[in-house]
Amino acid sequence: MTRQPLRLAVAEAERALAAAGVDTPRVDAELLAAHVLGVPRGKLLMVPLVDHEVVAALGALVARRAAREPLQHLTGTAPLGDLDLAVGPGVFVPRPETELLLRWGLEALGGVSAPVVVDLCTGTGALALGVAHARPDATVHAVEKDPAALAWARRNVDALAAAGGAPVRLHAADVTAPDPLPDLDGRVDLVLSNPPYVPEGTPVSPEVAADPHHAVFAGADGLAVIRSLVDLTACLLRPGGAVAVEHDDTHGESVPALFAARTLFADVALHRDLAGRPRFTTARRT
Ligand SMILES: C[S@@+](CC[C@H](N)C(=O)[O-])C[C@H]1O[C@@H](n2cnc3c(N)ncnc32)[C@H](O)[C@@H]1O
């Protein structure tokens, strides 16, 4: 059987994905090729020729991606910082922009030994695991209400623990319920959260529509969960403890205002992404 140049198969995949309106056709084509070959994307150049079976397997994945199945559902993983998290249908796919929040949180923990950290609305466990990986001395709690998401979180937590990372304690709970973590009240050094925040009815891409609805949307103004998070965070943080909450780019005034309205919070700050869009808000417990 004749072998074919991989670069031609990748170029054809790129063309098909561009025609389907995929934002990053080259990156997606290369990541799918790397997935089929079982090599890191950076090593594709070391595979000049591939068998017909590889081209066929790549073609099948490209057809699914062209139908706008999320890339991460096809590869089964999504990166966050140094971690590769297992993902699939039924759980929110962690996005690169959440790394900004994680980085801020890790900096806020500088100088705090054996910190207690809570990730509210954990999904795959992304933020909780990012902290546990970077700070093995931390005690990390993660809260999620959706059983399907919790199953993915359990899988990722077990994988990090098996690799020698700090264990993450998972809590099946609703962050809008009264006092869901009573044992942690007043003891927490850092609360991180990427909750659902898109205003109901906002048009979204097919990839975002593939995430569970309740993981993305939160009421008419997108603040239905964040309002409760502000109250819960005020209970959980110790004096001097810090919080960072990701939000919609339409929330650049409303979320800082929710924190500033509580005398329990100080140093309220809005953080923008590299494109200048409001991305997350931070505060400290007085
Ligand atoms: C935007 S996703 C983010 C997941 C994860 N933090 C990340 O960055 O990848 C929001 C998550 O919050 C969960 N969620 C939504 N409402 C919740 C609530 N009231 N209590 C607990 N979890 C909730 C959803 O099931 C979903 O997993």
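Counting begins at 1 with the first residue displayed.
Just so it is clear, glycine is given a Cβ too, placed from its N, Cα and C backbone atoms.
As written in TrEMBL, here are the features:
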type	residues	note
DOMAIN	9-76	domain 'Release factor glutamine methyltransferase N-terminal'
DOMAIN	113-198	domain 'Methyltransferase small'
BINDING	Glu144, Asn194	S-adenosyl-L-methionine binding site
BINDING	Asn194, Pro195, Pro196, Tyr197	substrate binding site
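Mapped onto this structure are the features recorded in TrEMBL.
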{"residue": "Glu144", "record": "S-adenosyl-L-methionine binding site", "contacts (Cβ under 8 Å, 6+ apart)": "Cys121, Thr122, Gly123, Leu150, Ala153, Leu170, His171, Ala172, Ala173"}
{"residue": "Asn194", "record": "S-adenosyl-L-methionine binding site", "contacts (Cβ under 8 Å, 6+ apart)": "Thr98, Leu101, Cys121, Gly123, Ala126, Leu127, Val245, Glu246"}
{"residue": "Pro195", "record": "substrate binding site", "contacts (Cβ under 8 Å, 6+ apart)": "Leu120, Cys121, Val175, Ala218, Val225, Ile226, Leu229, Val245, Glu246"}
{"residue": "Pro196", "record": "substrate binding site", "contacts (Cβ under 8 Å, 6+ apart)": "Cys121, His214, Ala215, Val216, Phe217, Ala218, Gly222, Ala224, Val225"}
{"residue": "Tyr197", "record": "substrate binding site", "contacts (Cβ under 8 Å, 6+ apart)": "Ala218, Gly222, Leu223, Val225, Ile226, Glu246, His247, Asp248, His251"}
Candidates near ligand 1 among the binding-site residues Glu144, Asn194, Pro196, Tyr197, judged by a Cβ under 6 angstroms: Glu144, Asn194, Pro196
Three-state composition of the domain 'Methyltransferase small' (113-198), taking helix and strand from DSSP: 28 helix, 23 strand, 35 coil
Other same-chain residues whose Cβ falls within 8 Å of the Cβ centroid of Asn194, Pro195, Pro196, Tyr197, the recorded substrate site, in sequence order: Cys121, Ser193, Ala215, Val216, Ala218, Val225, Ile226, Val245, Glu246, His247
